[in-house]
Amino acid sequence: MSFDALLWLSFGGPEGPEDVRPFLENVVRGRGVPPERLDEVEAHYQHFGGVSPINRLNLEAIDAVRAAGLDLPVYFGNRNWHPMAEDTLGKMTSDGVRRALVFPTSAYGGYSACRQYDEDILRARAAVGDDAPELVKLRQFFDHPLFISSFADAVRAAGAELTGPYRVVFTAHSVPVSADKAAGPPADGGHLYSRQVAEASRLVALELGLTEYDVVWQSRSGPPQIPWLAPDIVDHIDALHADGVRGVVVVPIGFVSDHLEVVWDLDTEARERAGELGMEFARAATPNSDPRFAELVVELVREHTEGLEPRKLSSFTSLGCTTDGAFCALLCCELAKRPVRS
């Protein structure tokens, strides 16, 4: 099948101190997040000079994909910061692109991980108008062998930094329990996001020959009365220490590249807590800079351009491939309704 381009669609991040607040306001638009929560997160960004590494890492990954042999022009757009997806799609339209593939920088299903990228596509196409290109989103890749093997090698490298035995702990971004319950086509019973994270963790552990490991969560926000996926990584480090564990390798299985949730929540908060407890700590690298990640993206593209047989290591149904922002199924990964405040 013929395509004119690849749109690399990501979350976005601030690139200077003055960008942080407007970026965060884009992230939480319409969600009623209190200003004091934005103040807290803004302070985390300002700790790093107001710069997230995510845009730079995306551009490096795009260069790696081009070097890996992708024969399509690659355009870069974001949900929450420049270059915004609608601006990038406008440029694609003016360049004469009529049909493009879309690579969202998320391996998983769920509202934030998948459906929201469909909404980004819908919004961008609406902004551009009738001349907007047809956009075909690539599938989820949490179980792709290149994704799994890159994480497995990253765990080995992180473990080599420690001097003693250690526990491997996989972590992904927490979401409200209600959002996870709604993740996936309703006929599949929900909880697609947490099930995929657990499966990716199992596959990495299998490649490493591990029989004991943990899957935990990080970066929760929102009112404390709303349950989110747990346990939290910092709480889990406390529990491991109480059980006699003195070394930990944290694996950010839910992330394809470093951004604030990795460099603050893991490299800063989790590392500091482990240090306070006298535990050795190492964090496995995200796959963004691994050459296999570029190969993975090229393979996903070739599934459409050349009919390449999809590679995956799980029995999960492949989801996420949609056209022009359509959803995988009716009511798939709907945003959970927020409780009415009394």
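Placement of Cβ uses the backbone N, Cα and C atoms for every residue, glycine included.
Just so you know, TrEMBL annotations never went through curation; they're auto-generated.
According to TrEMBL, the Fe-coproporphyrin III binding site annotation covers S52, Y117. Feature annotation from TrEMBL assigns Fe(2+) binding site to H173, E261.
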Inset, instruction - Whole-number Å only: compute the distance from the Cα of E261 (Fe(2+) binding site) to the Cα of S52 (Fe-coproporphyrin III binding site). - result: 10
Legend entry - Integer Å distance between the CA atoms belonging to H173 (Fe(2+) binding site) and S52 (Fe-coproporphyrin III binding site): 17
Legend entry - Inter-residue C-alpha distance, Y117 (Fe-coproporphyrin III binding site) and H173 (Fe(2+) binding site) (nearest angstrom): 16
Inset, instruction - Taking the Cβ of Y117 (Fe-coproporphyrin III binding site) as the centre, count every other Cβ atom within 10 Å, in any protein chain shown. - result: 24
